[in-house]
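*Asks:* The following feature annotations were taken from Swiss-Prot:
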type    : residues                                             : note
BINDING : GLY8, ARG9, SER10, GLY11, SER12, GLY13, LYS14, THR15 : ATP binding site
BINDING : CYS801, CYS1121, CYS1124, CYS1130                    : [4Fe-4S] cluster binding site
DOMAIN  : 1-285                                                : domain 'UvrD-like helicase ATP-binding'
DOMAIN  : 279-586                                              : domain 'UvrD-like helicase C-terminal'
Amino acid sequence: MGAVFLSGRSGSGKTTFILNEIREKLRDEPLGKPIIFLVPDQMTFLMEYELSKTPDLGGTIRAQVYSFSRLAWRVLQHTGGMNRPFLTGTGIQMLLRRLIEEHKGEFKVYQNASDKSGFTEQVERMLTEFKRHCLPPQSIRDMMEGTGKSEYEDERILSDKLHDLYILYSKLEENLENQYVQSEDYLTLLAEQIPYAEEIRNAAVYVDGFHQFTPQEMSVLEQLMVHAEEITFSLTADKPFTANSPNDLHLFRMTGKAYYDLYQKAKELGLDPSEVRLEETKRHRHHPELQHLERYFDERPAKPYPGQTESLRIMQASNRRTEIEGIAREIHSLIRQGRFRLRDIAVIARNVEDYKDTIKEVFKDCELPFFIDGKESMQNHPLIELIRSTLDIIKGNWRYEAVFRCVKTELLFPEGQPKERLREQIDQLENYCIAYGIKGDRWTSKDPFVYRRYASLDEDFAKTDKEIETENMLNELKGWIVPPIHRLQKRLKKAETVREMAEAVYLYLEEADVPMKLEQERRLAEEGGRIAESRQHEQVWDAVIQLLDEFVEMMGTERISFALFQQMIETGLESLKFALIPPALDQVFIGNMDLSRMYGTKCTFLIGVNDGILPARPADDGVLSDEDREWLKRNGAQLAATGREQLLDENFLIYMTLSSPSEKLYVSYPIADSEGKTLLPSTVVKRLNELFPDSEEKMLIHEPEQLDDEAQLEFLVNKGIALSHLAGQLGIWTRQYAISDVWWSTYNFLMNEPDRIFSQNILSSLFFRNKVENLNRHVSRDLYGEHIQGSVSRMETFKACPFSHFASHGLKLKERQFFKLEAPDIGQLFHSALKLISDRLHELKLDWRDLTKAQCETLSSDAVERLAPKLQKEILLSSNRHHYVKQKLQKIIARVSGILSEHAKASGFAPVGIELGFGGKGPLPPMRFTLKNGCTMELVGRIDRVDKAESSKGLLLRIVDYKSSDKGLDLAEVYYGLALQMLTYLDLSITHSTDWLGMKASPAGVLYFHVHDPMIQASVPLGLDEIEKEIFKKFKMKGLLLGDQEAVKLMDTTLEQGRSNIISAGLKKDGSLRSDSDVVAEEDFHVLRRHIRRTFQQAGEEITDGKVSIEPYKLKDRTPCTYCSYRSFCQFDESLEENEYRILKPEKDSVILERLKKEDEADGDF
């Protein structure tokens, strides 16, 4: 038995030396004694490939490539030790989750942290570390007791941490003892079984690719030294460390220490170790710059390289995306030149997670095949989401978020139906559930979903055919979504043990045909050449079944709550990862600096070389802090590297990466992060500049215009990328700047290729202006017809912004409805409740002035109770919170009813019409217009309230409109067409008064009544009567009144002098109207009536002529865009030349009236 220690710097040919020696043995004796090639997990596939591609070998059965775990499986299969069930890390984490829940009450430090996400994984990592470093629970207890008596607080806190870890560690071992085995146990078992392994006893063992070893691995290597026929260790070091371990600042500290420990162990075992030192760095012999870098990287002071650097390039970029885009272009350039294959290229980062998403996106766009080394979480796979969301449905009482997370995995979709149609229907169902607040037993009830697109508080309409069709579709979806989940819910409720719970989940997946659906997806991915995706579908099902099996194996007969069951399943699912191997041989390798192993790499891109990232700052996010680890190490406990040791080893990892390529090295760094914050270059960049003072840094540019023509050609990676950059260049050209002829050639090529339609559509966006052309006559007629029936508010919308009108009434776009009570719903309730109360008073032959406070409360309560089931999908009946809101609304309506009663007592006006309809079946006809373009238009709607009074001058009519906000009448808004309702209602009432009331009426005014429950503020305490008076004042009606003393007194019979508490008017001592009264002459009302008719005529003609321009108004600081639903759709942007507000000048009422009179005179009779 002999031990050979092979050493050499990076690139000296150690791995090639071993491979050649193995090849020679295979050539000499193809079926000779076993050859074991022991390498890290990340290197097994690569070494197997290197051996298998040797052209003159008849086979490699004799030689096997192993990692430690694969060797353990092989040996234990032959010698025994595999009779206990194996628990994966997933199973361990699930078991730990249960132990944490059971014992967290005993914790001294981690009681609060135990409920946080990731805690179980951190504990599992810590306990794994204990095992790998051969520290049993008793050792942890001894350290705990040793620190617990310390006079220092930090050490006592460490003792408390060890106390909590000891509880979990000891309980875990109790659960595993003599029943299960975990991955870390296999190395211990391997070390025990090697003496009995026949294939080891005669084997030649080669160990390569490792930088250091855990105590567990050292125990295995010790047994291999004893029992293997020969063993060769290969370690990257500048010399054999036979007598002393290197000092802490030595570049090869990590590997040198491993060399020394192994060498000393070989001597202890009585072996005669020999050393082979490879002096020459063969990897870089044709590239002196790389040879210089490898040789002098760690020498101080730096030895400058005399000359240009063809094989080394330093690059900087504005951000990470630009960095990766530049690297992708460089890779394409290298491939086009024929110098490299994709498999010759590696992209290495200190932490590839920082770049993973960007690399995936950019390399996919650039059509660069790649493989990211490392395990990827299964969290985003549909099967994992199906299980998690289904359990969330059961836990959360069928909340819609969880339901649609589940449904959108598409694993519950029934077979044989087109997925596109189902997706569209699911979107409709989701909209329905959001709008109707569907949750809980509304899913599981046998009662079908009820769908109403149109609803009214005042009338019951029959369902339309479209509503019935939609309702049937919704219930059909419910019919296949609910049963499997509901069956699972029932089974879990009945389940008494973990086995029964796990079986319920398995049955759920089987009944939903999940295995068959995954197999179909796997086959489709395979047929489409998506090999990695195909393997994922295969692995995820196996992983879930193994998870359930382990769960049952560990706790099958135990009883646990559903909450703990879900927590443990969640913990298990979070730990599942895909074990991927490269799906193809020719692809770019993407890896982590510390974990990835490379061989035969010709070109390396080291990315993200920024300060704080490289060298990496040690992470201090475990359950033990770096100070804890330092203390334990000083007191004899051997654990993984401390933060200080990790920092010392960073230089070695950087050295290994920089020296990994044989021909070309690129080092790049961004100067800003994704948020624009400055990033500094790493000290590695400074070091490279010291070693290569003549090297020039290249700036990776996102846009090509700053480069010469030849460099711009690099941006033509493929058609898609070329088109993207061409669009940018043509955008520059449209701003009157010259662009390279490269882009005109690209333009000509794309415009003349067979598939040019796509390119034409993309490039047409360059000439886009956010300006809408008016519809032509035919389109307008098709959209609106030749007869328009609309409302006053529709005309106000058009006058506010024609495009908003087009979106809402032309395209009929609607926002997604939500199950919540909003201001329009409350306003609708107020209107309908007051109408019901008025109707009830009419039935009882009572007047408003006859009402008592008790009657107001009773009538209000009855009205709200009748309306609640009809309002917004029964929202007021949906929860205790909304029940409280309903009571508040009843209180407001009772308060308002009382005020209306008081108003009636002090008024000579009485209601003559409530919710008075005009047009349709209403008592008043619509307002009709014949438009100049031959179309017709009629306006229909309802008037909240019309009051009448007899005066010495005849019949007077006034309009009262109920508003849930405090509002007055601004004549500027009337003039610009933004507030037309009140005067329209007055015009209709006056115009048709003879037919309606039997006599001609005159206008008395228009008033807004604010429906609310006012809050009274006072500087001194007030009595109840004073409070009621103040409340009464808060209901003063604002608007515009007839400037006639008799009319004003009819509206407030209590008014003698001063301001009225009922209307916005007042009288002086001499009986004349106060100057601050909101009044106009009767003729002014007629001028206003004629103006609104002209406004409607103009709006109708513009609508039917196809006006759809984006022209929102701006009046003072008010614009319709503030609350517009279509803002993101119209994309109005004031910074664009073609987008500007239509500025409306605010004017005093007197100025507006004068202007209207002049316009009236100019137009003549309307």
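Note: Cβ is positioned from N, Cα and C throughout, glycine not excepted.
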*Asks:* Say you check the Cα of LYS14 (ATP binding site) against those of the binding-site residues CYS801, CYS1124, CYS1130; which is nearest?
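*Replies:* When the Cα distances are compared, CYS1130 comes out closest.
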*Asks:* Please work out the number of neighbouring Cβ atoms within 10 Å of the Cβ of CYS1124 ([4Fe-4S] cluster binding site), leaving out its own Cβ.
*Replies:* 20
*Asks:* In whole Å, note down how far the CA of CYS1121 ([4Fe-4S] cluster binding site) lies from the CA of GLY13 (ATP binding site).
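*Replies:* Computed Cα spacing between GLY13 (ATP binding site) and CYS1121 ([4Fe-4S] cluster binding site) is 70 Å.
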*Asks:* Which of the binding-site residues CYS1121, CYS1124, CYS1130 has its Cα nearest to the Cα of GLY11 (ATP binding site)?
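*Replies:* Closest by Cα distance to GLY11 (ATP binding site) among the binding-site residues CYS1121, CYS1124, CYS1130: CYS1130.
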*Asks:* Quick check: which same-chain residues outside CYS801, CYS1121, CYS1124, CYS1130 lie with their CB within 8 A of the centre of the [4Fe-4S] cluster site CB atoms?
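*Replies:* Other same-chain residues near the [4Fe-4S] cluster site: PHE803, SER804, ILE1110, PRO1112, THR1119, PRO1120, TYR1126, ARG1127, PHE1132.
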*Asks:* Considering only the binding-site residues CYS801, CYS1121, CYS1124, CYS1130, which residue has the minimal Cα-Cα separation from THR15 (ATP binding site)?
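*Replies:* If we rank CYS801, CYS1121, CYS1124, CYS1130 by Cα distance to THR15 (ATP binding site), first place goes to CYS1130.
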*Asks:* Given CYS1130 ([4Fe-4S] cluster binding site) and SER10 (ATP binding site), what distance in Å do their CA atoms have, once rounded to a whole number?
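*Replies:* CYS1130 ([4Fe-4S] cluster binding site) to SER10 (ATP binding site), Cα-Cα distance: 61 Å.
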*Asks:* For CYS1124 ([4Fe-4S] cluster binding site), identify the closest of the binding-site residues GLY8, SER10, SER12, judging by Cα separation.
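*Replies:* Result: the closest of the binding-site residues to CYS1124 ([4Fe-4S] cluster binding site) is SER10.
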*Asks:* Compute the mean position of the Cβ atoms of GLY8, ARG9, SER10, GLY11, SER12, GLY13, LYS14, THR15, which form the recorded ATP site, and then list in sequence order the other residues of that chain whose Cβ is within 8 Å of it.
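*Replies:* In sequence order, the nearby non-listed residues are THR236, LEU278, THR281, LYS282, ARG283.
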*Asks:* At 10 angstroms around each C-beta, which of the binding-site residues GLY8, GLY11, GLY13 has the fewest other C-beta atoms nearby?
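*Replies:* Each of the binding-site residues GLY8, GLY11, GLY13 was scored by Cβ atoms within 10 Å; lowest is GLY13.
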*Asks:* Quick one: of the binding-site residues GLY8, ARG9, SER10, which has its CA closest to the CA of CYS1121 ([4Fe-4S] cluster binding site)?
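*Replies:* Considering only the listed binding-site residues, the nearest one is SER10.
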*Asks:* Tell me the Cα distance separating CYS801 ([4Fe-4S] cluster binding site) from SER10 (ATP binding site), rounded to the nearest angstrom.
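*Replies:* Spelling it out, the Cα of SER10 (ATP binding site) and the Cα of CYS801 ([4Fe-4S] cluster binding site) are 72 Å apart.
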*Asks:* Quick check: in three-state DSSP terms, what is LYS14 (ATP binding site)?
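*Replies:* Going by the DSSP assignment, LYS14 (ATP binding site) falls within a helical segment, counted as helix.
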*Asks:* Restricting to the chain of SER12 (ATP binding site) and a gap of 6 or more, list residues whose Cβ falls under 8 Å of its Cβ, or answer none.
*Replies:* LEU278, GLU279, GLU280, THR281, LYS282, ARG283
